[in-house]
Amino acid sequence: MPLPSVNFTYQCQARCSHSQARAGIFQTPHGPVETPRFMPVGTLATVKGITPAQLADTQAQMVLANTYHLHLQPGEKIIAAAGGVHKFMGWSGPMLTDSGGFQVFSLSQLRTIGEQGVLFRSPRDGRLIDMTPENSIRIQNALGADVIMAFDECPPGQGDRLMVEQATARTYRWLERCIEAHQRPGDQALFGIVQGGTYLDLRSQAAEQLIALDLPGYAIGGVSVGEAPALIDKVVQHTAPLLPAHKPRYLMGVGTYREMARAIFAGIDLFDCVIPTRFGRHGTALVQGERWNLKNATFREDHRPLDETCPCYTCQTFSRAYLNHLIRSREMLGYILLSLHNITELIRFTQSIRQAILNDTFTQDFAHWLTPPE
């Protein structure tokens, strides 16, 4: 088994006295990540519509890219020849690549699952692709992100117990193969993923097995695949405290205000979600916990900033009326400006929670967001 790298450490700086929340610093070869922290998603080595310089201005520290999509286009060989994904996309900060498992398992009509891995047809050109734990790690080693994810089987949110039990057991066996295949433990941290669906005993069993492997970090997967918010919350509140306190904890695919606040309450450190850019591309702004449709006529003659408290380029430069005009005109700039703001908004939200944890006022300051979902 590859030895954990000294290049990756997690230091807890403060703990909330009324919850499991903690503020810390996750050190990587490309710099520190102050936690808790929201990570923007750059699926194809680009956060949609945003330049790396603009992304840095949002205070983003760590960015996620997608192994499955980059394998299909342009291919890991081209990215490796460029010097790795950081140089390829012009981003100098920490990066994480997911394993491609979630995307592969979403191709329900195009794939075949076996103990070796998943055989699927590329939705781009129809060619057969054999994605195994070894191949996923090989691709991620070539991409060169700081954090890489184990190849896992992500069962449907409402899958029956036998299906989830089998998927969870296979995820562990695949993790062991990922560890053996990992060629760059010195500069890439391999995180394991706790699966188990909505069955808390399976989550406990999976967490116990992963902890025994002493990995550099741990993720909770399978919580953004169609479950009700209350079920997601139940799983996170149960699972997060089981994970080692001296390692970073990552909740995959979650990025709403309440879900992040509740997860931080349980001890989660890192989040990723496509919400900021997806909403931006549909003319929706995230403003202090609310969703605003900038196409609405109410903004047509509103010359105030989108959010007077926000330091982002959009809010410091343009009015609601201008944004309304851009969205109504279907101008690309409108979608870009809203995406910039939305990314900044969710990063600021996790930054403000971090500061509240340092001040030990988290449960008071964010009580509104800590009510369990129904």
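Sequential numbering from 1, following the chain as shown.
Glycine is treated like the rest: Cβ placed from N, Cα and C.
Note that this is a predicted model, so its numbers are computed, not measured.
Annotated features in Swiss-Prot:
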type     : residues                                     : note
ACT_SITE : D98                                          : active site, proton acceptor
ACT_SITE : D272                                         : active site, nucleophile
BINDING  : D98, S99, G100, G101, F102, D152, Q195, G222 : substrate binding site
BINDING  : C310, C312, C315, H341                       : Zn(2+) binding site
REGION   : 253-259                                      : region 'RNA binding'
REGION   : 277-281                                      : region 'RNA binding'
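Mean per-residue pLDDT, taken over the region 'RNA binding' (253-259), amounts to 96. Over all protein chains present, the Cβ of S99 (substrate binding site) has 28 other Cβ atoms lying within 10 Å. Sorting each residue of the region 'RNA binding' (277-281) by its DSSP state yields 5 helix, 0 strand, 0 coil. Using CA atoms as reference points, the binding-site residues Q195, C310, C312, H341 were checked against D98 (active site, proton acceptor), and the closest is Q195. Calculated from their C-alpha atoms, the gap between D152 (substrate binding site) and D272 (active site, nucleophile) amounts to 17 Å.
When secondary structure is read from DSSP and collapsed to three states, S99 (substrate binding site) falls in the coil class.
DSSP classifies H341 (Zn(2+) binding site) as helix under the three-state reduction. Sorted by the number of other CB atoms within 10 A, the binding-site residues C310, C312, C315 start with C310, the lowest.
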